[in-house]
Structures are given as C-alpha cells and as structure tokens.
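Among the features that TrEMBL reports, compositional bias 'Polar residues' is placed at 698-710. Residues annotated as domain 'Ig-like' in TrEMBL: 26-119, 124-214, 229-315, 320-410, 416-503, 507-596. Annotation comment: TrEMBL describes 609-707, 712-809, 812-910, 911-1006 as domain 'Fibronectin type-III'. As annotated by TrEMBL, region 'Disordered' applies to 689-723, 897-918.
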Amino acid sequence: RNLFVTICVYNTMPFCLSVRTVLQSPVFTKQPGSIVYPVESMEKSREVVFSCEAQASPPPVYRWKLNGTELNPKSGSHFSLSGGNLRISHLNKDQDAGTYQCLASNAFGTIVSREASLKFAYLENFKTHRRSSVSVREGQGVVLLCGPPPHSGDLEFSWIFNEYPTFVEQDTRRFISQETGNLYIAKVEPSDVGNYTCVITHPVTKSRVQGPLTPLVLRNDGVMGEYEPKIEVQFPDMVHVAKGSTVKLECFALGNPVPSVNWRKVDGVPFPRKVDIRKASAVLEIPYFQQEDAGTYECVAENSRGMNTVKGKLSFYAPPHLIEKPQDVQKLIDDSLAWECKATGKPKPSYRWMKNGENLAPAEVTVGTRRINGINGALLISRLTLSDTGMYQCVAGNKYGEVYSNAELRVIAVAPDFSHNQLRSQTLVKVGGDMLIECKPKMSPWGVISWRKGSEALQPSQRVSILDNGNLRIWNVSKSDAGPYTCIARNQFGVASSTGSVTVKEPTIITTLPATLDVTVGESVVLPCQVSHDPSLDLTFTWFFNDQLIHFGSHGGFFEKVGGQHAAGDIMIRNIQLRHAGKYTCAVQTKVDSLSVAVDLVVRGPPGSPTSIQVEEITDTTVTLSWRPGADNHSPITAYTIQARTPFSLGWQAVSTVPKVVGGQRLTATVIDLSPWVDYEFRVLASNTIGTGEPSKPSKQAKTKGTSPKVTPASVSGGGGSRSELVITWEPVPEEQQNGAGFGYVVAFRPHGATGWMQAAVPSAETSKYIFKNESVQPFSPFQVKVGVYNNEGEGPFGHVTTIYSAEEGENPASVRAKSLSASQIEVSWKALPWNASKKRVLGYEVISVYWKRRDKEDTASVQRTVGNQTSTIIQGVRGSTTYYISVRAYNTAGAGPPSATVNVTTKKPPPSQPPGKVMWNTSNSKIILNWEQVKALENESEVTGYKVLYKKNPHSHPNVMETNTTSVELSLPTDEDYIIQIKPFGEGGEGSSSRQITIPRIAGQWRALGSASKVSTLSALSTIALSFTARTSL
C-alpha cells in the first residue's frame, strides 16, 4: 500500500517534496517468552523484561495485559515500557506471577501476542532437624522418606551415607526416586547400617538443602525370611505425554531375594532402539515421544518367591499446530468474506476469533449483516461494511496450548471504474437469437446501472431487460438491434461508462434432414451434413460418434472428411464394420451460433456368436445340443452349422446333424455319426444372407458312450523269430476307434489245412505283436492267422485271414571281412550261404554296424540291406577315426536269421578341413595356369596326398577332374569361354574341403590375364587380386 505525502519547508523560499510511504498493518517480529525467575535473585536485580516487537507503518502502539487485565505502566509504577518491551522491576512473587500478553496497534488494527508466563522458582529449608531411627531386620526391605520442604519447580534428589561426600550408589538393591525423593532398599544388609541424609538441588535456582539425619539400625530379633516382591515405587495409572518430549517411568520393588525388574508393552510390540532402561531397570525412559509410543506399559518385579506387576497407560497429546491460516484480504463494500483456519493437535483443537485484540462472539447478528465464526475454524461475514475493517486473529487451542494467526481485512469504497472490465468491443448475434451483454464495473458500494443504444436511453420491454447484476439481455434479436450500446454505472462516489458494438448476422441452417442409413459390413457410406449460413462467418464442422469426438486420421483410418464445398461437412466411413453402428452427430459452429443434426447408422453383418452351448443327451454315436442365438446384426439368422473336435482331430471339423440343415429358427439339433467313447467339444456358427459369423465358445467336454469295437487291426503280418516260433504282428487300433474301456485283441491261428482255430487274448491296446512258441511248430510252416478285437462292452469282429510262415532254421554268413576305404566309407564282404540248401529262401543280407561313444552306452546302430546273393557292400557316412563292430545276417520272408561273428574295423582319419588358400591364376594363349597354397592337415586329420582340380563351363554342367600331387597345374583350355574352377585336397581319409568357386572369364585376343579367387564371381581381365581363403565351401 503506497501513500504519497507532501512535505513543505519554508525558509527564504518555500520548497515542497513529495515522498512515497509504504503503509503496513502490524506483524509481530518478536513475541514474549515464558520466564522462570529464581526467588534468591530478587535480592540482587529484582527485575525481568518481556520482549515484544512488531513491524508496522504507521509505527505501532504497544499495550500489555496480565491475566487478561490491561496494565497501566504510568510514572511511579514498577511496570515500564521500552519500545514494545515490558520491564518489571521490584518483583513481587505474589502479585507479578501470571500470564502476560502484548498488544500492538496502529491505524489498521490491533493484534495480540501469544501468552507468556512469569513464574518464581524457590526452595525453602527443611523445618525438622532430627528424625527417629528406622529399625529393620536383616533381609527386610525399607523406605527412607525425604519429605522435601516447600518449593516451586522440579527438584533433583540424592542421599548422603554417614557423611559427605559419600553418596548412596544406586543398583538393583538401592533406588532413589526422582518423583518423591525417597530412598528404597530392596533387602537390607549389615553394611547398610548408618546415618542417611536427603540432599535436594533446585536446577533453576542452583540452591541445595540437606534434610535431617535418619539413622538406620538392625533389630536383634532375627533375620527376615524370603518373601515375594512388593512394588513400592510405581507410576500413575494414566500419564499424559507431550509430542516430542521425554517421559520417565519409575518402578522399584522390595523383596528377598532382591527382585529383578523388567518392562514390556502390553500389546507385545517390542521397544524401539530409542527407549533407554537405566538405574538397574528401575527407570524406563522414552525420548522424543510420538503417537506410536502411546499405550499400556507393564513393570514386572520377580524373584524366586513370586512375581508382582503394575501397569500404567501413556497417553499422547500434542499442542495445536496451524496448517491453514487466513491471509490478508481486500474486499469491496457489500462483498462477502470467508476465512478458513485449521490446526492439528490432540485433543482436537477448538477455535476462536479475535478482532483488534477482542474476542468475537461465536455468533453475531447486526442489521443487514450475518456473521458466523468458530464453526470448525471458519469465519464468514456477509455484506461487508467499512466497520468490518481491522486486524483479525484465529486462535486454535486445546488444554496444552494456543497458537495465533493474524490476517488483515480491508473494506474499501470505490467509484465506478471500467478500466479492467470494458464492455466487449463487438458482440456477434444471429437473427432470432438471444443476446447478453455483460456490464461489470468495479464500484463499491454497488450503485445504479443504466443502458443506452447510440444516444438514446434504453428502456426495458418484452424483449429488452436490464438484469439485477447490470447485464443487458435482448430476446429474439432483429437486424434493427445492431449498433453501439453503452453501460453507465453510478454510485455516490462517481459515474463511469463503457461502450461496445453489436453486429447481427443471418442464422446458420442445416439443410440435411435427420435420417437413418442402412449399410452392410464392408461397404462404404457417406454421412451428409449440408448447411446454409451467413457468408461472412467461418464454419466449423465437428463429428461425434455415440457422443464421443471423432479424431480423423485415427480410428484405423475408417473415417475420412469428404465435404468439398464450403457449406458441406460430409464424412465417409470406409470398409464399415459392425462396431461402427450407432448415432453420428454433425455439429456446426460459427461465431454467433451452433447447431447439430444426427444420423442413425444401422450396420448389417453376419450374426454374432451363439451362446450357452449345452450338451443334453449322449449316446454312443449321437449328441443332442442346444444353444441360444447371438445378435442377428440386423439380418435374420438363416442357418446354424455345428463343428466338433476331439483330442485326435486336426482342429474343428463340421459334423452331420439331424435335421441335415439346421434352420435359423431352430435352437437344438442332434449330431450323428460320432465315434463311441471319445471326448468331444462342440461349437455352433450362425449364418445369414450376409455371411457366417464368429463361432461360439466351445461347449464343455462330453464323452460319447461306449459300445463293442467295430474296427479290426490293419497290416496283419509276421514271420521270423526263433526256432519253433510263430510271430504275428499288426498295427494297433487307434484309441478313437476302440469304442470303450478294456480294449484288447483276440489272435486266432491254425496250421494250413487244419479245421480248428487256436486263440489267445492280448489285453493291451498298444500291443502290436503276439508270439506262439511250441516245439511242434515246424520251420517255415504256413499258418492261417486272423486278429479280432474286444472291449468291456463286448466282442468285435475278426479281420481277414492271412498266411504267415513260422520261423526258419537260420544259418549265419561266414568269412565276414571289413576294410576302411576312407574316413567315411567301410567295405564289408562275406561268404554267401549255399543257394541250393536254402531253396531260394534267402532274399538278401543285412549288414549291422555299431559304434560306442562311451564304453557303457551304444550310440548308433545302423542296418544296411542288400538284395539277392550279393556278398559285399560299402557303408557310407561313417565317422572318421572311429571303431565299428560289424556283423552280417541273412533274411527272407520269415524275417532275419542269426548274425555272423562280429568283426571290428577302425576308419581312417578325416580328410583336411582347411580349403586351399591364395588361389592365383593367369591365362596365356590357350592355357590357364593355377597356383595355390599347400594345405596342412591338423593332428587329427589324414595327410594330404594330392589335389583334385574340378573345372566346368557353366554351373549346371558336369565337371572335369584333374589330379595332381603338387600345388600348381596347367590346363590347356580354349580361352574364349567362361570357366568355373574349384580345388580340393584329398588323402587316405577322402576328399577335404573345397576352395571357393573361381570364375575365369573368356579372354579375347592374345592378352595375358592375371587374377585370383575373390568374393566377386567375375573378374576383370586386367585385374590382379590376392586373397587368402578361409571359408569352408564344397562343390
């Protein structure tokens, strides 16, 4: 707040200076604090000073109150003021003790400081000079009373034993209470006999007094026996503890033996680390007390004779703390004030409000004004007047203290002023519309508002109204309402006006009528929005889908603006989907009006998924289903399709039903031609004229009932085996064709020409072989065989009869030899079985090769068959440097015979793995000369014995091969064609890795060409490139 003051100095010539002064309401910068004054000091200074200082302009005037009564520090009084400080001399403890408050006032109002107390600390002398002896037995407990003299404030206690400076040491047996000053000895011992003196120290006055001697003597009538603890020092049932303070609880017991003292919290929560237990467990100290420290505490005194306990509750409290304060505010006359004041504390604080140092009544009503304060800390004043100006204070308090918060209310009077709220310079309105022109001058108190159009005063009519707040409203506007309008504001302090212009425009009209559009999924549709409007106004088109704004460019690109004309806002929806059905709204806006039109879009599509699929009746081959229809999506459902799947099917398969065609009105159908005893899931699809919709969720799994099996095993055959055996084999029946539990096979067989059948049951569904062994079975004898099926539901049919021969008397080949040809080839030869002796029953031979990676586990066994009387074969693809164990056996229609004796052979080392490197070439006339780097075999590879040069004219022709044992070769080839060349090393282990393909281009004329292998397939005839090859490439 700035105040300009003119100062004039008159000397020989008058001289004036304008000075700007900053005005300020009082704000405390220093407040009084409580004082404890030692009475002993009154003989010396006998004076105290309470500080008080406030910042204010004009400077504040200070006053003081004692116990709510204003002091009058006039001349001769022992109260005096120095600035805002209160000096009290010639102190009198009976008259001057109490509560003091400082008041600071200036032209803006008065504020009151916090309360400060003056207390007098003193400690008088003991009146008694001698006390009677205390006589106890040895082992008995005793309490020596201190009995402090009159005093003020807390005291500190200690005891002298016999004479100064020997003080009583506290331990588990002896304890001095700082609450009562008494000395407690849990169990008296002979060494305790003597004189005891209580010593009291005042921590403020620093004075010390000693009590009379108390002699302690032992009785001669025996020693005290053991007894349980008796708690003599205990804390109150309820202790109120301030937030952040330190609390000490005392607990001490007499007893024989000496009791131990322990502490615990009744709720079982362990003590935090800050808790200190001292004086041999007799004192529990909790510093910086918080809400979580509150609760019931228990002291337990225990010895071998028993236990005793005492409990007390610590209650948490906190003085008020302001968390929301009122702020200085400036208001106009007749305005309203609402101030909030909030504080934390326990108990919950109450509130009162003060104005200029005086308490406001909880509810005050004056003429035309209603005031409410003290309701949850709120102060409300309606219809403010100049008399409400002043300094207000919120006081939040509970029984543990009060806090003050200051705020200034200034109520001002103002002449009308439009400088911050001019009328809108131009108001646009449409013909037939309603118009509101706001008039918001700043003035206090509120005055009279009038209007004029042009130079003529505006009178209220059926169309024209001046509202109570001064605004002008005109209904059903016409072209004649255009022009300048002026608002005039008056009060007792002045008059002001503001002018604005009104322009009337033609209304906007949507020419598109509301409609319902009907489209099919996948089509595109244009939604029209055509308007007529005032050409001087800009149009804005906005579209909404189901009342949600459409963001063009998002929504997957389905929506597109296509309105080409200025007055058209048409949009297109491309590839329309079912989710696009709904209400579309076109909103049109100009500066003077806004309107909208809606289009309902119906999207027809395939039906929705049927629901509630239920399996109702189950037989061995049929299931009855029911379902509920899904949404028809605006096209009636014409048919339903049922699909099923089993653990054995590849996905969902369509199934046959009764009726064959399930019409759209049916909600049940019977599925037929199912396999018995199979778990099925079913789903339903609905169709209409537009298409087939999404399938329903699968039904719960249902198993068809079982029946006797109908399918017999396929591929019944056999033969082979050992002497006197008939081996019968077949393909097991798949699980989905077993028709029930307990599935098995019935094998029937008889010698050729016999009439009766022998039968054997095979109870395992997975079994695929049955062996009949009997010494009467002749070698290679024909048997008729058939295999049937059964399960728990009954027996099924037998399959077709087939002929199977019993086992032959096999012979094994002799003279088996094996030879390693390379690292990957082994040649095996043997002596053939006599052809005549076998009566052409030998169909060929099987060569069995086995090797072990580990000694204890066979890694690979391979069988290679020959046909006819062939007596040798080559085994390809074996591993290098590996030992193979080889045997040979003959086979015929009855199977394989016994194997020969095993021979072993070790394959040669693998060929070199490195390809030839640094392949260089050059051409001259009709020659191609190649050079390369020698390949060095690794330790586990066979030595290089030579190289093969492979060359061909194109990638698809068969290569020519030239062998050499050197690292160069000269080829006599025509140079008018391209050549592809590769080089690979070989040794006894076979052929090694090949070099990269080299393409040598045709060369015209007799020029010499040089080159090397590179990553480029065709080289320039005049380029020279050297590159080391490390890639492993084969031809």
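In case you wondered, yes, glycine gets a Cβ from its N, Cα and C as well.
Contact between the domain 'Ig-like' (320-410) and the domain 'Ig-like' (416-503) is supported by 3 or more Cβ pairs under 8 Å, counting only residues 6 or more apart in sequence. Taken through DSSP, the domain 'Ig-like' (229-315) splits into 3 helix, 51 strand, 33 coil.
Secondary structure counts, DSSP: the domain 'Ig-like' (26-119) has 9 helix, 52 strand, 33 coil. Taking the domain 'Ig-like' (416-503) as a whole, pLDDT averages 92 in the prediction. In terms of DSSP secondary structure, the domain 'Fibronectin type-III' (812-910) contains 0 helix, 57 strand, 42 coil.
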